[in-house]
Amino acid sequence: MDSANARDCLLHLARAKLSERQDLVQLNDQFVDIIEHVHYMEAEHTALEHDYNLLKSGVQSDSSGINEIYNVEIRTVRSGIEEINRSRHELLNEQTQLSHQVKEAEQLWRHTAKSALGVPKEVDDEFHRICHIKMEDCITKRRIKYMEDKLRLIKQNNGRIFEHINLMRMRKDQAVSLQQEYLLRKNELLHSIRNMEEDNKKIIMNEHKYFVRDRNADRHVFRDQLRKAIADIRADYEANRLRNEEEIRIRLEREIHRMNTTMPGVVCYDKLREELSIVKNNLSGLQKQVSEVEIRNNSLTQQIEFYRLEISENNKLFEDTLEFKIKEIEKMREQCTAISVELEKLCDLNIDLQKEIAKYRELLDRSGDPRANAPSTQVIASALSRQNYSSISDHHSRTSSGIVQHTAHHAVRDSSSSRTGTTIHETITHTPIPIPATLPVQPIREYTYSRDASPIRPSYTPYQQESRADSRSSLRERIQIETLQGTLPVLPSHSVETIRASDNTRLVRDLSAGGQINTTQINNPYASRTPTSSVNDRIASERRDSEIRRNDALHQPYPIGGAVPRVEPTIFNERAPGYTHINSNFPLITPVTEGATVPSYYDTFNRNSSQRGPHHSSYHAATGSVSNSISTTLLNEGSIEHSSSSDSVDEDNFQRFTRWYKGRVKISDVTADFVQLVNRSSKKSADVGGFKLIHEFGNKSVYVDLPVGLILAPKDSLKIYARGATHERGAVIAEIDFFDTTIHTNTSIRNTNNEVKSWFVYTSNTEIGDADHHHH
């Protein structure tokens, strides 16, 4: 019994040592986390340095203010990197010290375990095996976490590389697009720094909470367990002592009773001597056992005192480490505060630059020269070096007068010759010729198709962000070329009336022989799509006013017999940040004379398609009448629908799509904001729980898993919204900004068995125009 109790005590002490070893392993894991965080910061530094090199190679200007900002930012980042490297070396040194302490503790534990009495070798081997298994488990978990972090970094780097490729294609634009790209890159950099700051704050707070919780909770639990184990050992020893005393007393009473009852008349001294010797031997054996137990108790008491001293030393060391970490956290908070102040300064500078650019653009638009796109690099440098806003108005007046004088005498074509490597300078000083009024373009009702959509809803595509600058530059280059060739008259330098974007009318100017301007109000089909307010409301309003004035000037009629300029209407995209204006690639609008019919590609396509053979198609005319349906063709027990949809009143501005379905559920519509599913049945419900909606565009695909248990009632519909669209609360959201509505897109829905139940494809889309924008 004594040996068993001693063995239990040793097992308990071994468990306590294992728990301490686990604590040391946790501390080591924490230091490994810190080292990995340092590696992550180095990777972030590499990415930021790469971004800086790209920006440095992209911006070709003599702006000393921008270079100064870059130099200050580089010095700040380098100082932060040096601080991080110093802290990394300190953490590595601390890790080596802790590893040496762990090795010393392990050697001491092994020595103590070997010197302990009564511990079997197989139990010790089992302990070693358990420790080795736990260590391997911990190492495996750390490796898995490290690989997950690496995969995440690789995905981020791939995304950044793709963004860099798309951004490098836009470097050929003029000064305004280049400035916009620079501002966009700077905003992304600031956003990443803010995200990094928030992540660092979260990590610091989590580590602080973990340290405090670990120190205050586990220490008391360990002490309570140790005290409880000591009390149990003492109770077991006391119970064993009482039980042994009772057994000895009962045995002695039985022996005395036996001797009294069986003792003969003659006393046998030899037997008495033998019994006395046996009793002495038993007593000596008991005394030896008691001495051994006392020695063992003394050794255990010494070990307990030693462990108490070791725990107190570890507590002191950990408290010192915690204070050092708290100081480092305070330093990092101060650095984060300084970075936040710098970011606020950069944001203020960005706002000032945007306001300055907007004002210069307004002055250039009022000067009447559509070829002036942005201020020069000297103007940007002077704006960067300006300390207050007191001299802005004077500078505006001086710059505007200089620009008006320059644009009244010289017209330089730079953007058109940048692609061929030559620059042509010409001077045109003729005045606009009075011309009669021209009839506006009216839609041909016979070939106009309607669709339940907004009258001006440009098809969204992920490639559209890339092609906006090209569309803007192509419009300006076309205007400059035709102006230099004599097709377009030079716009007058007088101020043009400001037309508000919220008005529902458009002014069409007719110049008479006397030069008097007659205005006529025409219903504006674009009035229902006025952009809403945003953060840069003032800048957006100035851009809208300037673009409306420019379009108003470009819509003036031209001489009869001359070439009509190829003007593309400018549309404001509500989804773009700051209401970035884009040029829709609609077919060119030409004057329509009386008695003449302008054939289009889609007219011939409709005539040819009607002769190909029977197919299921439904064309909806503008009057609301439905054409006769033709026979249905079955494909894999499904139905294919060929249809057309109109996005505006022009006969050439509509979309054709083909959809196929098998069963009750079909994809009825795909727009930039949502994808609509419809239950075709009028009597039975459709269970779409677990279905997967797949949206493929280009070389990418996005899928959405519908909620389990989702049931569509008869003739009910479900909309899966894009992330950037306006939707009600609790709707199904896809992880994509806006759905692609080009001919390069395939939208399908699959059931739980991965069977295709319906798909939707656009077969033609005149709003997209050039297909070269979609090849990557």
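Cβ coordinates are placed from backbone N, Cα and C, and glycine is handled just like the others.
Residue counts for the region 'Head' (1-23) by DSSP state, with H, G and I taken as helix and E and B as strand, are 22 helix, 0 strand, 1 coil. If you look up Swiss-Prot, you'll see 1-23 marked as region 'Head'.
Taken from Swiss-Prot, the feature domain 'IF rod' applies to 20-371.
Annotation comment: Swiss-Prot describes 24-55 as region 'Coil 1A'. Counting only same-chain residues 6+ beyond the ends of the region 'Coil 1A' (24-55), those with a CB under 8 A from a CB of the stretch are 70, 73-74, 77, 81, 84, 87-88, 91-92, 94-95, 98-99, 102, 105, 134-135, 138, 142, 146, 149, 153, 156-157, 160, 164, 167-168, 182, 185, 189, 192, 196, 203, 207, 210, 214.
Marked as region 'Linker 1' by Swiss-Prot: 56-69.
Under the heading region 'Coil 1B', Swiss-Prot lists 70-207.
Under the heading region 'Linker 12', Swiss-Prot lists 208-224.
Residues or ranges marked as region 'Coil 2' by Swiss-Prot: 225-620.
According to Swiss-Prot, the region 'Disordered' annotation covers 453-473 (among others).
Look at Swiss-Prot and you will find 518-544 (among others) tagged as region 'Disordered'.
Feature annotation from Swiss-Prot assigns compositional bias 'Polar residues' to 518-536.
Marked as region 'Tail' by Swiss-Prot: 621-768.
Taken from Swiss-Prot, the feature domain 'LTD' covers 653-764.
When pLDDT values are averaged over the region 'Coil 1B' (70-207), the model yields 85. DSSP states for the region 'Coil 1A' (24-55), grouped as helix (H, G, I), strand (E, B) and coil, give 32 helix, 0 strand, 0 coil.
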